[in-house]
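A short worksheet on the structure shown next.
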Amino acid sequence: MSDIIIAFILGIVEGLAEFLPISSTGHLILVGHLLGFEGERAKTFEIVIQLGAILAIAILYHKRLVSLCNIKPLLRKEKKFNAFHVFLGVFPAVVAGLLLHDVIKTYLFQPYTVVIGLVAGAILMIFAEVKKQEATSYSLDDLTYRQALTIGLFQCLAVYPGFSRAGSTISGGLLAKVNYKTASEFSFLIALPVMVGATGLDLLKSWTYLSVDDIPMFAVGFITSFIVAMLAVVTFLKLLEKIGLKPFAYYRILLAILFTVFVLL
């Protein structure tokens, strides 16, 4: 299979899975394993196509991101979504990521560990659906600092490949009495700085694996993930309020079972 086709397939996988509660990292590792595209070059490629998904969110939420630069609501202690909400949502995962980065990259980026993450994340999502209470926050401006921190703590679970950043943060939001749409949007916004930081750190450590010959492949993957992520996010927000997290959780469990039976055993 040509590199361009592999790039196109993995770009679709990244764009679909990055902001859905199904784990993009897990899917990239599993699909890469099936395609025979593994190793340091594959890891570097995954970093680059994540940038496409990051750009999609930055464009979709550019107005909200620009508004975070206004510190007046924060200084006036207004009950309005501001940069401190994002800080509380990001800080725990940044600390966890920095402390565990090398361990995770060395030991946890394996198909069998991803299967564990898929199942564990699915259990959390089902638990959140069962235990959620009536929401008190129906928009980002309703979000309290405590709710933001709670979601940020749940984001720490996403450092484990296969767990899913969206799955863990949206689950945390539901348990903190935040509705689906608000939890999802906050999940997207706090994913940006974490992903940019993690991607930057990975690129610094992986730049030696980059080659001029890889530019066409990496470009196809980047563009594909960008376009697919744009479409996936808009569709997901509409779909989530109708069906909740359980269908995604069941899909994760089914995927883990199928991959274990047909590939790992």
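Cβ from N, Cα, C; glycine included.
These features come from Swiss-Prot:
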TRANSMEM  4-24  transmembrane segment
TRANSMEM  42-62  transmembrane segment
TRANSMEM  84-104  transmembrane segment
TRANSMEM  108-128  transmembrane segment
TRANSMEM  184-204  transmembrane segment
TRANSMEM  217-237  transmembrane segment
TRANSMEM  245-265  transmembrane segment
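Looking at 42-62, 84-104, 217-237, the range that has the most CB pairs within less than 8 A of the transmembrane segment (184-204) turns out to be 42-62. Across 4-24, 42-62, 217-237, the stretch most heavily in contact with the transmembrane segment (108-128), judged by Cβ pairs under 8 Å, is 4-24. Here the transmembrane segment (4-24) sits apart from the transmembrane segment (84-104); fewer than 3 CB pairs are under 8 Å, leaving out pairs fewer than 6 apart in sequence.
The list of residues near the transmembrane segment (245-265) in space but at least 6 beyond its ends in sequence, with Cβ under 8 angstroms from a Cβ of it, reads 20-23, 30, 33-34, 111-112, 115, 118-119, 121-123, 125-126, 128-129, 164, 167, 170-171, 174.
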